[in-house]
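Please read the structure below before turning to the comments.
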Amino acid sequence: ICYSSTTVPKLIFDLLAQKKSISVWGCMTQLFFIHFFGVTSNMTETIFLGFSQSQHVQKVIFVMFLLMYIAIVLGNGLIVVTVMGSKGLSSPMYFLLSYLSLVELCYCSVTVPKLIFDSLLKRKVISLQGCITQIFFLHFFGDTEIFLLTVMAYDCYVAICKPLHYVTIMNRRVCGLLVGAAWSGGLLHSVGQAFLIF
């Protein structure tokens, strides 16, 4: 009752009012009580309804997602193995591409295996800790991927705008530092998000 009463009366009142506004203090008070009453509920798991209640549709979803996941794992795994195993692919572009494929592989593996497994079950449940863990790793790998794409854009910039200095600017040590910075940035952001959730 308290949780619903935090925002719903104001929403109902604003439906009839011409000027729909809230003061900064009113907004902060609503946010405080939404978090206060939301956290005090002792939720331990989340139940998902799934895409469909039909067992036939669930089996189709299982096969479809399993095939797509296998394609992602094989494709990205092949890129990582090829770049790491080939001496001819030692340029910074391929080095960064292999890490991007590795992060994409990890990113997809955060939620898809659980989704595939749950499509065969009648009761689709995830614990609160499991949900928060998934959110943490989704942010971690998603942000790391964004930072790696930024690093790859910087690599292209150096290759196009400073071609004579490219080898000295984008050496193996700099690439390693940039990849480490991408992983660190993803970790910092995901820790912050998990801290806010708790």
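Cβ atoms are placed via backbone N, Cα and C, with glycine included.
Because TrEMBL annotations are produced automatically, they should be read as predictions rather than curated entries.
Residues or ranges marked as domain 'G-protein coupled receptors family 1 profile' in TrEMBL: 75-198.
For the transmembrane segment (22-39), the residues of the chain that approach it from at least six positions outside its boundaries are 2-3, 6-7, 10, judged by C-beta separation under 8 angstroms. As annotated by TrEMBL, transmembrane segment applies to 22-39 (among others).
Positions annotated as transmembrane segment by TrEMBL: 60-81 (among others).
Feature annotation from TrEMBL assigns transmembrane segment to 93-113 (among others).
Marked as transmembrane segment by TrEMBL: 174-197 (among others). Sequence-distant contacts of the transmembrane segment (174-197), counting only residues of its own chain at least 6 positions beyond either end whose CB sits under 8 Å from a CB of the stretch, comprise 92, 95-96, 99, 132, 135-137, 139-145, 147-148, 150-151, 154.
Per-class residue totals from DSSP over the domain 'G-protein coupled receptors family 1 profile' (75-198), listed helix then strand then coil: 102 helix, 4 strand, 18 coil.
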